[in-house]
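Annotation comment: TrEMBL describes ARG59, THR60, ARG109, HIS137, GLN140, GLY265, PRO266 as carbamoyl phosphate binding site. The L-aspartate binding site feature in TrEMBL is assigned to LYS87, ARG170, ARG224. If you look up TrEMBL, you'll see 8-150 marked as domain 'Aspartate/ornithine carbamoyltransferase carbamoyl-P binding'. Among the features that TrEMBL reports, domain 'Aspartate/ornithine carbamoyltransferase Asp/Orn-binding' is placed at 157-303.
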Amino acid sequence: MSELSVNHLLGIKYLNKKDISLIFETADHFKEVINRSIKKVPTLRDITIANIFFENSTRTKLSFELAEKRLSADVVNFSAGQSSVKKGETLIDTVNNILSMKVDMVVMRHPNPGAGIFLSKHVKAAIVNAGDGAHEHPTQALLDSYSIREKLGDVGDKNVVIVGDILHSRVALSNIFALKLQGANVKVCGPRTLIPKHIESLGVEVETNLKKALEWCDVANMLRVQNERMDISYFPSTREYTQQFGVNKQLLNSLDKQIVIMHPGPINRGVEITSDVADSDQSIILHQVENGVAVRMAVLYLLASKIK
Ligand code: CP
């Protein structure tokens, strides 16, 4: 029987190509399940999962919770804002207290890069990283690649450009690892100040001209500028950013082909993407969200099957 090479999902950099194929094949099955009239399966009936979120989330939190409930797992939710973390409790103490209530898996979002890796060394539970600071967001990258595969048939050999704030983006890093593992060609595009200095060492090219990047690509993944992670200004003004790195319908119409537009959300409409693009036929943004549930069901199922 096929199984994942890992016991936790801490980042795409710990996965291999076979792991990604296995997750996608499993997600194909769950996508069919969630489109049935009865969307629930008893697969994780004896498993308890804690979703612990130390940072805000809409899509990831709801998507994991729905994935867990569709698999019939027992689910507990924890938000740091309403917890004893506010009274000074450490991460390990918090999680060990949750685990002593017989929790098998922890899905965690945390502002600190490496928080999930740290936790996996100190607690007895399968850990799923739901985004750790500017480090990785593995399930987002998996659902992004899954959505490209669904739209274009395959990810290998496709030209994908990731546009925007690469420097602060866990989505960018996880996408780069996932896309390269599957044989895609990857470029990043954005202001030089928002592109990490040695990004080429990951096998990607830098393009600072958005029009050229769009002419080259099959898929453009538009990222939000993460103002909440910035303590200085990285570009002169939002207006200037939008003029140089925002995608609008006029720009797309000037290309001699139809490209696929993606965005992980949350969208800043009118900044990195206009509404007429976000809501157009070229956009697969809501397909990404739908696929997120199936992909997360696959990840949870495959990790749960490794719990001794
Ligand atoms: N894509 C994503 O991570 O969105 P949320 O922050 O809303 O979870």
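Backbone N, Cα and C atoms are what each Cβ position is placed from, and that goes for glycine too.
Feature map: annotations from TrEMBL on the structure.
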{"residue": "ARG59", "record": "carbamoyl phosphate binding site", "CB count, 10 Å": "15"}
{"residue": "THR60", "record": "carbamoyl phosphate binding site", "CB count, 10 Å": "24"}
{"residue": "LYS87", "record": "L-aspartate binding site", "CB count, 10 Å": "6"}
{"residue": "ARG109", "record": "carbamoyl phosphate binding site", "CB count, 10 Å": "25"}
{"residue": "HIS137", "record": "carbamoyl phosphate binding site", "CB count, 10 Å": "27"}
{"residue": "GLN140", "record": "carbamoyl phosphate binding site", "CB count, 10 Å": "25"}
{"residue": "ARG170", "record": "L-aspartate binding site", "CB count, 10 Å": "24"}
{"residue": "ARG224", "record": "L-aspartate binding site", "CB count, 10 Å": "20"}
{"residue": "GLY265", "record": "carbamoyl phosphate binding site", "CB count, 10 Å": "17"}
{"residue": "PRO266", "record": "carbamoyl phosphate binding site", "CB count, 10 Å": "11"}
**Item:** From HIS137, GLY265, PRO266, the binding-site residues whose CA lies within 10 Å of that of ARG224 (L-aspartate binding site)
**Value:** GLY265, PRO266
**Complete:** Filtered by Cβ distance under 6 Å to ligand 1, the binding-site residues THR60, ARG109, GLN140, ARG224, GLY265 reduce to THR60, GLN140, GLY265
**Item:** Cα-nearest neighbour of ARG170 (L-aspartate binding site) within the listed binding-site residues, THR60, ARG109, HIS137, GLY265, PRO266
**Value:** HIS137
**Request:** Sort PRO266 (carbamoyl phosphate binding site) into helix, strand or coil using the DSSP assignment.
**Result:** coil
**Item:** Alpha-carbon distance [LYS87 (L-aspartate binding site); GLY265 (carbamoyl phosphate binding site)] in Å
**Value:** 32
**Fill in**
Taking the centre of the Cβ atoms of ARG59, THR60, ARG109, HIS137, GLN140, GLY265, PRO266 as the carbamoyl phosphate site, the remaining residues of that chain with Cβ inside 8 Å are SER57, THR58, ALA130, GLY131, VAL171, PRO264
**Complete:** Grouping DSSP H, G, I as helix and E, B as strand, the residues of the domain 'Aspartate/ornithine carbamoyltransferase carbamoyl-P binding' (8-150) number 68 helix, 27 strand, 48 coil
**Asked** Across the domain 'Aspartate/ornithine carbamoyltransferase Asp/Orn-binding' (157-303), what is the average pLDDT of the model, as a whole number?
**Response** 95
**Asked** For the L-aspartate site made of LYS87, ARG170, ARG224, how many Å separate the two farthest Cα atoms?
**Response** 33
**Message:** What whole-number Å value do you get for the CA-CA distance of THR60 (carbamoyl phosphate binding site) and LYS87 (L-aspartate binding site)?
**Reply:** 26
**Request:** Would you mind reading off the Cα separation of HIS137 (carbamoyl phosphate binding site) from LYS87 (L-aspartate binding site), to the nearest angstrom?
**Result:** 28
**Message:** Over all pairs within ARG59, THR60, ARG109, HIS137, GLN140, GLY265, PRO266, the annotated carbamoyl phosphate binders, what is the largest Cα to Cα distance, rounded to whole Å?
**Reply:** 16
**Asked** Residue counts in helix (H, G, I), strand (E, B) and coil for the domain 'Aspartate/ornithine carbamoyltransferase Asp/Orn-binding' (157-303), per DSSP?
**Response** 65 helix, 23 strand, 59 coil
